[in-house]
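Chemist: I'd like to ask some things about the structure below.
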Ligand code: AOF
Ligand code: ZN
């Protein structure tokens with residue numbers, strides 16, 4: 001990694017632009033990482049930029065270099081790219097080779113690529129060609145942007161986000177699991193945005209039974225997530241939203257049940273641990289992130305297993321449920337990264 005003092009404010013400004021571009025691939029690049037690239041001339045002016053738009057399509061560097069006017073002398077330019085240029089032949093040829101062939105002499109990067117097919121080889125290729133390569137600019141921002149990709153590459157499982165809404169007095173539902181409207185309309189919209197941002201959304205049996213949730217995205221633009229529900233004994237009644245085939249849904253069960261349209265049943269024998277089996281299945285489906293919407297039994301299970309990366313709690317400022325309600329998971333955590341008012345709620349984010 002390059003010392004932070006080696007980068008100027010101008011470098012940082014241009015790398016922020018590259019990160020902004022990367023985000024434009026949010027829904028289309030996965031399971032590839034989001035990557036942005038900016039080419040600046042000797043005066044530091046942007047002469048070309050691009051991002052990885054589509055899984056299987058050209059990488060950010062290819063698009064950025066294609067946007068540079070042909071008369072530009074790339075040897076005088078600096079290339080800012082948010083991820084280490086790749087060194088392998090995947091669905092596309094190596095970006096490191098392209099940068100070398102086009103005569104680039106100066107490259108700045110946020111993050112090394114954890115993909116074992118690359119993992120430093122991109123840097124080596126560039127340096128062996130005599131290119132100045134510096135890395136680590138806005139490293140934390142780059143990791144946060146691609147936290148789902150990094151989780152899969154480094155932890156071998158999807159990025160897990162636990163989310164719940166709790167009343168002012170710390171309950172998530174009324175007595176016997178009776179659903180209670182806790183969140184304000186602004187929070188509800190935000191939750192739909194969160195659903196669109198993750199590839200899958202998961203609930204446990206009790207929440208599925210009590211709430212009959214649709215787990216789709218209605219209050220925000222964006223794709224519907226894959227729905228995941230744990231239902232060991234196949235207790236969800238026909239006619240339940242999660243079984244309606246309206247969007248792809250996976251049921252994890254101890255029983256055997258044939259798949260139907262948009263509905264697949266994954267049998268996990270009772271002798272087998274459920275969570276590892278679910279993670280294996282999600283890896284096989286190349287799911288990079290899961291928003292776990294409850295209930296507290298599932299949240300507590302994941303908390304105890306250490307299977308979480310981020311926790312988002314919406315706490316009402318006004319709604320009280322009173323003794324007898326379903327108690328919210330208890331958190332004894334450091335790492336509160338965000339705490340703010342959100343309409344009639346407060347949002348707490350831990351990671
Ligand atoms: C880059 N620039 O914009 C991206 C990179 O199958 P492929 O050829 O698309 O390669 C996918 C892998 O390439 C992906 O897992 C990651 O390691 C890297 N992504 N690399 O130089 C890019 N998206
Ligand atoms: Zn590449």
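Backbone N, Cα and C define each Cβ position, glycine as well.
TrEMBL: automatically predicted annotations, no manual curation.
TrEMBL lists these features:
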| type | residues | note |
| --- | --- | --- |
| DOMAIN | 9-134 | domain 'CMP/dCMP-type deaminase' |
| BINDING | 59, 86, 95 | Zn(2+) binding site |
| ACT_SITE | 61 | active site, proton donor |
| BINDING | 165, 195, 207, 211 | NADP(+) binding site |
| BINDING | 215, 218, 293 | substrate binding site |
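For the listed features, I'd like the structural context: burial, neighbours, distances.
Modeler: Sorting the domain 'CMP/dCMP-type deaminase' (9-134) by DSSP state (H, G, I as helix; E, B as strand; all else coil) yields 40 helix, 26 strand, 60 coil.
In this view, residue 95 (Zn(2+) binding site) is surrounded by 30 other Cβ atoms within 10 Å of its Cβ, with every protein chain counted.
On its own chain, residue 61 (active site, proton donor) has 37, 50, 79, 81, 85, 95, 98, 99 as residues at least 6 apart in sequence with a Cβ closer than 8 Å to its own Cβ.
Neighbours of residue 211 (NADP(+) binding site), defined as other CB atoms within 10 A of its CB across all chains, total 18.
Residue 215 (substrate binding site) carries neither a helix nor a strand DSSP state and counts as coil.
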Chemist: Of 165, 207, 211, 218, which binding-site residues come close to ligand 2, meaning Cβ under 6 Å from one of its atoms?
Modeler: none
Chemist: Measuring Cα to Cα, tell me the gap between residue 86 (Zn(2+) binding site) and residue 195 (NADP(+) binding site) in whole angstrom.
Modeler: 31
Chemist: Residues near the NADP(+) site, 165, 195, 207, 211 excluded, by Cβ within 8 Å of the Cβ center?
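Modeler: Everything else in range on the chain: 163, 164, 191, 203, 213, 215, 293, 294.
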Chemist: In sequence order, which residues at least six apart in the same chain have a CB under 8 Å from the CB of residue 218 (substrate binding site)?
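Modeler: Residues satisfying the criterion: 192.
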Chemist: By CA distance, which of the binding-site residues (59, 215, 293) lies nearest to residue 207 (NADP(+) binding site)?
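Modeler: Checked the binding-site residues 59, 215, 293; minimum Cα distance to residue 207 (NADP(+) binding site) goes to 293.
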Chemist: Determine the binding-site residues, out of 59, 86, 95, 195, lying near ligand 1 in the sense that the CB is under 6 Å from one of its atoms, and give them in sequence order.
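Modeler: Once distances to ligand 1 are taken from each Cβ, 59, 86, 95 fall under 6 Å.
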